[in-house]
Amino acid sequence: MARTKQTARKSTGGKAPRKQLATKAARKSAPTTGGVKKPHRYRPGTVALREIRKYQKSTELLIRKLPFQRLVREIAQDFKTDLRFQSHAVLALQEAAEAYLVGLFEDTNLCAIHAKRVTIMPKDIQLARRIRGERA
């Protein structure tokens, strides 16, 4: 872009310049807290985006194994008592459950974005399941 000569313009009002002398003096005379540093905080959303990138790169299971195993055994009790599970069977169930949940949350996020929101809500999950045909 070509440079143009700046010409002086007459001010038409606006904000008056702030007086900083009093605030600077008050800041200098204020007692320090003995070098106690505030803990560092990231801006809202920064950590969330970092976690999204981290978990999208990873392939490990996100639900802890033992709590998931207890849940499977608790649900299986309703169908038949004294059932035994091979460890690979529980792992296969966990892989399938996590894959289902990740896909559901992806669809849920799309529903929230479609509604011009960034926060997912229960109604987004219900809509995603309804569109998938899982719930009438």
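For all residues, glycine too, the Cβ spot is worked out from N, Cα and C.
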Candidate annotated in Swiss-Prot as phosphoserine, out of Ser29, Ser58 | Ser29
Going by what Swiss-Prot says, which of Lys37, Lys54 is noted as N6,N6,N6-trimethyllysine?
-> Lys37
For which of Lys24, Lys80 does Swiss-Prot record the feature N6-acetyllysine?
-> Lys24
Based on what Swiss-Prot says, identify which of Thr12, Thr32 is the phosphothreonine one.
-> Thr12
Round to the nearest Å and give the CA-to-CA distance linking Lys5 (N6,N6,N6-trimethyllysine) with Lys37 (N6,N6,N6-trimethyllysine).
-> 48
